[in-house]
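Working notes, structure below.
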């Protein structure tokens, strides 16, 4: 480094040693405005660093360290005594007024002496303001006075820096605008440079060349104030001056930074694009340069990703480095670090090759001549710490233990180097220690110290003013190309590649950082004691340690050779992986692979694994010796630290100190468990536990929720309890970081009570082990107690409380005492404790009647907290009581599901006592449990509901046990108890295995069959399907409780005098077992047909022949015979072959008539006069009288493992109440939420399609100007009623496209925000079917259209606001709606009014009265369904004209123009239609069903024999009360909704033959018994098997140009609950079935005729409405017909005799029918029952009959 000699005018005071080696920042002439922006961030600290590190002496002044002090004391700044500045001066009032700055009010505010004006600066009129310099002052301004203690520069330097006194400095202009401040600063800096003050301005190194004096600072302040008036300063300048009005340097630094930041980005990008590297400069410097540019761009908001950065770097590689372009060209995941690693490897290899060549050229003797000393050409100067020792040192290197630096950098005081015992050093030159240079550049002399190098250590150098290091591995925050010139003792430049920080981690676990320079051209790594002293670290060579001023030892010092060293192990490595470049020659001729390179290449494996693999030759091409393992031990891979980061292990025993520090009940642990799902509202869902640290005493409290007030109540209770009961105050409560503990309410409560909350650390649950383990123990006890007792799940907290009582009384193995003993309480009296769930009899002290029993069976739970009684659960009353009036049942089973309490009491009065509590669940609770809570996209924190498939999988973990007992005979014991509540045993059936738990592909084909012998003797059994039928068995056994049904009476023979209603015999459910299902012949089957006895109101004419049509002539019209025949002529009625009369055998004639009044819900129309009634027999015809059932599904036990869990709360569901509670079929959600479609969607392809649809929807919303984008509203300013939540829904359309829709949450819309009177209309399905039928008959063209985003075309009138879509990131703002967003209550009505107005006014259409969304004119008919349009016209051009007009206003898409004469396929509102104009039309849903049914998770049977009918006749739905666990009940109801919802959609579209089965099962959605679910599965299986069936229409060929509209009616009398009949109607237009209806009668019918009248009366209004629609669409005459198979009904309709009206209800209906028949010209005709196709709408039919009635119109 450059030598600095002491001036002759500067005496050596204070015994300061001279500097032997220093570094000097050479002053440059570079304009400070041209420095890089990245190099100016420290410019702000220039003024704070001025003199901050320089010792203050009486001979040298310094700026106070706290320069931000508002009023520094003048006494702290000594004034010069004999210098050229004799007096202190402040700005006067006149000067202040001119500059605009306020006058200093106190001398202490301006303590610095005024900087007198230089004679070179003579502005006009300024002579009176500033005192001139004395004439004898001939040095420049930075030259201090001799008394200042500083040295004058030599004459040469003074001469070069002086400016002639004859020249005038041009003053800067006065600032006139804040916008011109930066330009003014440029001129002001030039002014300072011309005034010889340029060296105090920060340069490119971010530091000034020298420190300013007090006088210079005063001059700076005065000139700045004079030429920059305060009113024109920018705000940021005023902010700086408000803190310290003298900090002008900070203002100049920031100004320079701001000026350079404008052009720095362009320069960086240009530099990055024009990179060039060929190995001529060190790779470290190249990497530092590029890294610096990338970091700077990233900080300025211009991020450059790895791929682009690597392309820039590779483009600039040349020479030997060029091949890296090709080697890395195809690398996909390439990073800048990897690329620079390869560059470093190549550079190191080049340097190694050069050093090897140099070694061969030089002899070993020459190498020994390398020395750290050079020839002394100046007079040696002795610098000693001990003057008593002679100067006997020889010419050698300066030792690092007794020299210090003396330069502009701050140096240590003499006391920093303590007690050296070495001899004084004789330096032959001013600087005797060099920093090293490249050995190839020059030859140096060497002393006799040849072995003075210690690897892995830093050389301590007291003469070096800077720390230098050869490896960039330890440099932090490196920046390249520093403007620093460093020279050695021979004044040779040492190139510096980078500057950064060197970070130490010493023994006292402290970290320290100093500045470091990087250069590979030195022989040793030098550590400057001067820079260590600046951070309060000194070297004590008596102790050989580095220590702080307070004596703290930081690191040992090692003396090796003649030098002192410090180990590099205290250095912290940086994240720059750069190979160390050393210029010391190596004796190795081969290059080793660095371990970091091998570590990264071998997937970041550890060193031990890599070495073991190389030893065993599992990796070839190189050996273990080819790797440099020196850095493997202490190597830290940052990527491994990040990628393999793990949690620390919990420290065991960390809580032991608390046990000794706190008294009992002062330190508590608490935690919350929950929630427990599927519990009644009265049962708690959570519990909170407390544990005392010292005594381990536990408390538990129930919680229904985790709200703040609930938690606060518990804390208040527990604190009061401890304070009053134990006279203790809680000091600390340890808890986790749940929101229930970290909320502000609880925090304030604890703070108010002086309690310290102690929270667990993140991801360290074991730190909360006391509370966590307690909860786990209590839950284990809870599950065990519930399993042992068999009690329902809603009593779970009682089990928790029982366990807590016991656990507090058990001794701990460690303390040998129980928690109660530690707390000073007495032991638990076990005589007062009962086993949990112990059966007891509780005294009923308040019975309803004196004759009622006084004892109620119950179960003991736990001792009462509030009394001396016991808490007992009473199942019959469904409540718990606190009582002492109980008796323990000795020797009885303790399991709820094994103990028969009804058998114990033997008194039916108890059942009557508790009967009122067995009511069916309220309809509002059912509705609430079945609602699907769909949250908006903005409420992602809320719970996400399970997908139906996931829910089914979750619930499929439980299996109910199987009653595998063989059928038993009916004994007297089985008759004795008729109302016993039978519960399935809780034990796991041994027959259950994996094969019968998992869903089976086949169901058992053998149902439960009644006893054959008893059946043959006249006894009849009702089919009771067992709760579980193992799927591995071929036969199912009769349930053990089948004989206990209250409706069953066993008898050996049938009595003619029997008056009780008897159940209709049940046909078997099919099978192949010859022992249970004997084969029958057709002759025997025919004998089973029994004619029902005539009703009292049945006309005798019904016994007439059934093979001809009887025309009925009304009073108003007397059509001819051919009119009635023409009505029936074209109908798709079955063709019946003639049948000879069959006489019944004597045995059949002796059978009594079957009572038709059934109280059971049935799928068979047994009570109807037109039904086929069958009885059990040994032989039957499978084809005629029953439906084939090939699979016996166990509806909930096939996938349930619930029997392995504790018993749960159960619901008792009554059939009648469940049927009455069903109002409508709840639609099943078919759409996906945002999280389901995108966030958690694992199907990548589908996810991408949904994302594309999402962006498409957003663009459409913006295009349609759905909301006001000009203003966003604060949520707090808007009425919450007008704020509508929004969400995105996604679905996949039938054509395979994915669609997203932004919708409003209309389900939670406030009623005040819409008009409830507005209606959203869509086309009626009958209107669509009618239009299609007329189109076929008239050869119409059918065109299908779609209007995109239809609702958004309708304006919204109300003031509504929504939250913006999620992608806008504005969750706290609101936007006002301008258009009718999908989902709003009024959107549909708004769109309907908009499109209706347009079609009428612009397209010339008229809406058909009474039929909304049906528009017509003379040429075109339009059916509108929201945004879908179907156009019908004779001429295709008419459709095109309508389309052109629609496109003028709406975004109209043509789905199918329909211009082809061949078969055209449509998808209209879910119907798959095949249409060939003028020939036929086929309507089906095969593709849709193929896609949807498998998603229902119904176990289909694709390989077995297909079902031939959707149901089986004569099968009753059991009325017995259904008892289910609550979660099972909800799951089954939800499953029924899905299945019936799909079946209903299909049935009302075109499968009218299934409507009876769908309607009947829909009534039992809330009664999901095993039998009902089996029937539902059968229906879905039948739909699957017949999914290819279609509704077939052929073009009619009428004789006359008329339309014929016919309704066929039928009723099944009394086959529904409450004697309700089933009615059905089928509507036909020109012989084509266009609709059907099957429903339960709204009134109770007392006869078949009443049922038929009711059915006809329900069909006539729709018949008249359809007639009007047909006449409007097709201007032709119309003939209307009404067909029924009830002659008595026809006679009542056409008769004028009112005596037939037996009651007012049906009399009114009959009279209305008479009027309608006569007034509307209805032709009422009779049709044979066997040809009545409406028969399929009212009852289940045998296979043969079902096929016969449906195969002509659906196949």
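Counting starts with 1 at the first residue shown.
Placement of Cβ uses the backbone N, Cα and C atoms for every residue, glycine included.
Among the ranges 1108-1142, 1143-1177, 1178-1212, 1213-1247, the stretch that Swiss-Prot annotates as motif 'Bipartite nuclear localization signal' is 1178-1212. 1610 is the residue from 1610, 1674, 1715 that Swiss-Prot records in the Mg(2+) 3 site together with 1652, 1685.
Per Swiss-Prot, the Mg(2+) 2 site holds 1427, 1428; the candidate it also names there, chosen from 1346, 1355, 1372, 1518, is 1346. Swiss-Prot tags one of the stretches 467-524, 525-582, 583-640 as region 'Integrase-type zinc finger-like', and that stretch is 583-640. Across the region 'Integrase-type zinc finger-like' (583-640), DSSP helix (H, G, I), strand (E, B) and coil residues number 22 helix, 4 strand, 32 coil.
The average pLDDT for the region 'Integrase-type zinc finger-like' (583-640) in the predicted structure is 79.
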